[in-house]
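Visitor: What follows is a structure written as structure tokens; I'll ask about it next.
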Amino acid sequence: MAVVSEDDFQHSSNSTYRTTSSSLRADQEALLEKLLDRPPPGLQRPEDRFCGTYIIFFSLGIGSLLPWNFFITAKEYWMFKLRNSSSPATGEDPEGSDILNYFESYLAVASTVPSMLCLVANFLLVNRVAVHIRVLASLTVILAIFMVITALVKVDTSSWTRGFFAVTIVCMVILSGASTVFSSSIYGMTGSFPMRNSQALISGGAMGGTVSAVASLVDLAASSDVRNSALAFFLTATVFLVLCMGLYLLLSRLEYARYYMRPVLAAHVFSGEEELPQDSLSAPSVASRFIDSHTPPLRPILKKTASLGFCVTYVFFITSLIYPAICTNIESLNKGSGSLWTTKFFIPLTTFLLYNFADLCGRQLTAWIQVPGPNSKALPGFVLLRTCLIPLFVLCNYQPRVHLKTVVFQSDVYPALLSSLLGLSNGYLSTLALLYGPKIVPRELAEATGVVMSFYVCLGLTLGSACSTLLVHLI
């Protein structure tokens, strides 16, 4: 097979990802032997002029995770709003203390559980509700919730702390569900595009975390009032969400995007185990199932993505087990010095900025390096190896410690290095698996497969968030 451009590696409506027996054992040959995307007669494949589509998907990737990142990064604001001002000066209300100490864990559970339900609903809606409607509706809900959150910044909630906590959790539930529909719909749509566009979307998600971390540091440095800082913080997110809505509306006007967004006629679902005849891309002998006009077939998708799904789930399980519940409670060993770097800026810098920047670097690496391949046993091996990060983080200066009193790593360098390693491995390994998923199925199943891969992400986040609450209580 001749060497072709990246666009030529996209599927036709009846194509499937195939590898030879040798490439199954060769990690370096991650994406060889894909069938060509042959445009219909008389239809020329357009170019992505000025990388417009790439930039739009990158920006939408930022917007897909920006709400969650802004929520968890504004820790100082939440601690300020949720402090129990009614507690006696000489003591502390145990219930209020529980809200403060385990707020990140509660927030993580509130964000992941509704995501699971919304992903199932979104899968069922793939062929029933147009992706255009799902994206715009979910963006509208996200924008409305963020406007409510922004409006509450200047409201005095000291007399109804628990009520504000309940409102915050409800907002996170709705926000998480809408964000899930938005991100999974966009990701599923990129399954029909060349892989560089999927990579742009995924890298954009990491950039959203980096942007929120940088914005948090700037706000903390520029404003002494945590409420003014949070107001600027949330207003930034609100403005960017409006920008995302405008960029998505612009996407359909680009010739390059319209080419890959053209409707795909229902065709057979190729199992991936049969050999395609050399003289035909769609021989009737290999047709095994017809796609239902309403609900995509789930079984062949699960079968093809089982190994990649495990990798995605376990990567995000380990990540959400540690970040943010464990990371955000690791304090500087020199906190008593009174330095701003060891108090005010320590967590935003060593946890949020380093993790998100490393995550961005890991995701961006996949644009040039795609090793191990989708069928390699090394990929799940590297994924399982990340389990070692759990005890390493616990042995840092996590506070408060109730059961495990010993702090092994007596330097602030360790949490910084571990956060970077957590982010880099999360970005690279998860992006590889997410990129491979929609490319190993026929093009007409790409969007549905994207939703399924998003479900694996959410499953890992849900399991990790639930276990993080238990881990926090055990330390």
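Every residue, even glycine, has its Cβ placed from backbone N, Cα and C.
Model, not experiment: these values are computed from the prediction.
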Visitor: Would Swiss-Prot have Thr161 on the same side of the membrane as Arg443?
Guide: no
Visitor: Between Ser13, Ser23, Ser337, which does Swiss-Prot record as phosphoserine?
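Guide: Checking Swiss-Prot against Ser13, Ser23, Ser337, the phosphoserine entry points to Ser23.
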Visitor: From Asn14, Asn84, pick the one Swiss-Prot annotates as N-linked glycosylation site?
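Guide: Swiss-Prot annotates N-linked glycosylation site at Asn84; the rest carry no such entry.
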Visitor: Return yes if the transmembrane segment (54-74) and the transmembrane segment (163-183) have at least 3 CB pairs under 8 Å (sequence gap of 6 or more), otherwise no.
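Guide: Contact confirmed: at least 3 Cβ pairs fall under 8 Å.
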Visitor: Which listed range (200-220, 306-326, 455-475) shows the maximal number of Cβ pairs under 8 Å with respect to the transmembrane segment (106-126)?
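Guide: Ranking 200-220, 306-326, 455-475 by Cβ pairs under 8 Å to the transmembrane segment (106-126) puts 455-475 first.
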Visitor: Return yes if the transmembrane segment (455-475) and the transmembrane segment (306-326) have at least 3 CB pairs under 8 Å (sequence gap of 6 or more), otherwise no.
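Guide: Between the transmembrane segment (455-475) and the transmembrane segment (306-326), contact is present.
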Visitor: Using a Cβ cut-off of under 8 Å, list the residues of the same chain at least 6 residues beyond the topological domain 'Extracellular' (221-230) that approach it.
Guide: 74, 76-77, 80, 153-154, 345
Visitor: Given pairs 6 or more apart, does the transmembrane segment (416-436) have at least three Cβ pairs under 8 Å with the transmembrane segment (163-183)?
Guide: no
Visitor: Under 8 angstroms, Cβ to Cβ: which one of 200-220, 231-251, 306-326, 338-358 has the largest number of such pairs with the transmembrane segment (378-398)?
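Guide: By Cβ pairs under 8 Å, 306-326 leads among 200-220, 231-251, 306-326, 338-358.
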Visitor: Need a quick answer: max count of Cβ pairs under 8 Å to the transmembrane segment (200-220), which of 135-155, 231-251, 306-326, 338-358 is it?
Guide: 338-358
Visitor: Could you tell me how many residues in the topological domain 'Extracellular' (221-230) are helical, how many are strand and how many are coil under DSSP?
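Guide: Tallying H, G and I as helix, E and B as strand, the rest coil: 7 helix, 0 strand, 3 coil.
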